[in-house]
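**Student:** One structure is given below, represented as structure tokens, and several questions about it will come after.
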Amino acid sequence: MNRDNMDTTKRKEDHTKHTTDVIEFYEEGTAASSLNIATEKANSSPSILRRIINRAAWLSKKVDAMGVESTGIQRISPYERGTSKKQFLHVAGLWLSATGGLSSMSSFLLGPLLFGLSFRESVASSLISVTIGCLIAAYCSIMGPQSGCRQMVTARYLFGWWFVKLVALASIIGVMGWSVVNSVVGGEMLAAISNDKVPLWVGIVIVTVCSFLVAIFGIKQVIKVETYLSVPVLTAFLLLYISSSDKYSFVNAYVSKGNLDSSTRKGNWMSFFSLCYSITATWGSITADYYILFPEDTPYIQIFCLTFFGTFLPTCFVGILGLLLASVAMSYKPWSVEYDSHGMGGLLWAGFQRWNGFGKFCVVVLVFSLVSNNIINTYSAAFSIQLSSVFCAKIPRWFWSIVCTIICLVCALIGRNHFSTILGNFLPMIGYWISMYFILLFEENLVFRRFFLHLYTKEFPTVTGEINGPELVGSSKEVEKDAVTNIHLLKRKHKVTKHRYNWDKWEDYEVLTHGYAATFAFIVGVAGVVVGMAQAYWIGPIAAKFGEYGGDVAMWLSMAFSGVVYPPCRYLELRKFGR
């Protein structure tokens, strides 16, 4: 009986092997046939198309060989991240270089020069608003280590697969707007120290191209370069404090524009407040990008404090200097002439002028602060473009960095003679959308991911049986009870932390939220922008109540409108769709 069973088993195995051989033979034949058909189509296609494809393939291989970062918007898994404490030092250097530069100082100049505020009024307005902006940027940064995703990729958990594209577009406009401003300022500086021997457009090209050459390589190179640049740049700013100190007696000579009534002065104070808030708050759209290599169990408080102090201290350091220079220019005629002739670059050269040749060298060093800021903008903007469609995501990040550089260069060349107008009217608008994004993220984390996690049935499906890995995270109720932990951290022998996001589903359309609640709240927030903004092209009815030029309160109204609408809409969305 046993022998019969063995014979039967052998016949079944022979039959199975025969069937497998037939299937493999069929698949090989089909693959060969498909390859022949594809080859015939390629051979029959126009020769120009073949040359383009071959050239693109050759270029990609060359770029990869140069060590350019190939990772796009893909999540960095816990296994691929570092554990060295040097990462904290490098990121601290990154923030010192990126935020302690002329791009931050440029907005502070407008307190006295554009809004007619005294030095004391400008200091009070700017320091309070910058602090609030840094708090928002720091809060957004905590999404980086826990997710391993770029900032705008994490926004998919708020806005869903489709609507996040609108947020990504706003992020692109924001960071590229700063790049345009930086390029123009760099051109003005080079023109000022060369007595116009270096035309403004040439300086713009130099700053833009230098930024691109670093940004194309990837996050590791970006962080290293930013760290190295922070030392000479901050040293140059310290020297500018010293060099310009002989004119500080003119600071108090200018009080404020005497032709402004009390209401208009308050409105200008509020508009300058919103402008300075935008300087640091807009970092919230990309801060998480630079923490994706940190261990997944990095304490939130460490990331928050590193980002807050890393952006607050350098911004205030250069901002106060900018207010001093601008206040002197309002009372001291030679500096005023330099500003009228060469913009911010002329004002910086005036501060260094008594040091002659060494002063020119210091101005050139300060140009690197603009390059530092543009490097980050160009690097992060590419990821937002990849979020716009599946097709764009398949195109390497370095290609989109080239596109961003070209766009920045063209816009800077076109708007180079209208710097103050661009800066005063454009930058506050960047702060509008980040205010709405922040309040939605804050409420999602504080309310729904903490108290209503059981409603996320798509993201945390109920699991019966043993949990075997990252694909099975467990039910949301188990997560709330701390019954389910992060399997990755157990394997890496780090401190166990609990999930409140299923980050493994970052690109799963069937799991990610539809984004109806966040998008509707965002649209309602736009209504707050319309009634509260005070710009040259539009003054809202609420903003118009503050003087002749209005007072910009759009950021706070948009945040309030979105914050009130989102909770009930999000609750209904979770109850209806489970995601």
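Note that Cβ sites are derived from N, Cα and C of the backbone, with glycine treated the same way.
Note that the structure is a prediction, hence the values are computed from the model and not measured.
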**Student:** Can you check whether Swiss-Prot puts His90 on the same side of the membrane as Ser388?
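**Tutor:** According to Swiss-Prot, Ser388 sits on the same side as His90.
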**Student:** Within the topological domain 'Cytoplasmic' (144-157) only, compute the mean pLDDT.
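**Tutor:** Mean per-residue confidence for the topological domain 'Cytoplasmic' (144-157): 92 out of 100.
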**Student:** Within the topological domain 'Extracellular' (541-545), count helix residues (DSSP H, G, I), strand residues (E, B) and coil residues, in that order.
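**Tutor:** Per DSSP, the residues of the topological domain 'Extracellular' (541-545) fall into 3 helix, 0 strand, 2 coil.
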**Student:** Test the contact criterion for the transmembrane segment (158-178) and the transmembrane segment (275-295): 3 or more CB pairs under 8 Å, pairs 6 or more apart in sequence, then answer yes or no.
**Tutor:** yes
**Student:** With pairs closer than 6 in sequence left out, are the transmembrane segment (520-540) and the transmembrane segment (395-415) joined by 3 or more CB pairs under 8 Å?
**Tutor:** no
**Student:** Would you say the transmembrane segment (363-383) and the transmembrane segment (520-540) are touching, if the rule is that at least three C-beta pairs must lie under 8 angstroms and be 6 or more residues apart?
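**Tutor:** Judged by the Cβ rule, the two regions do not touch, with the required three close pairs absent.
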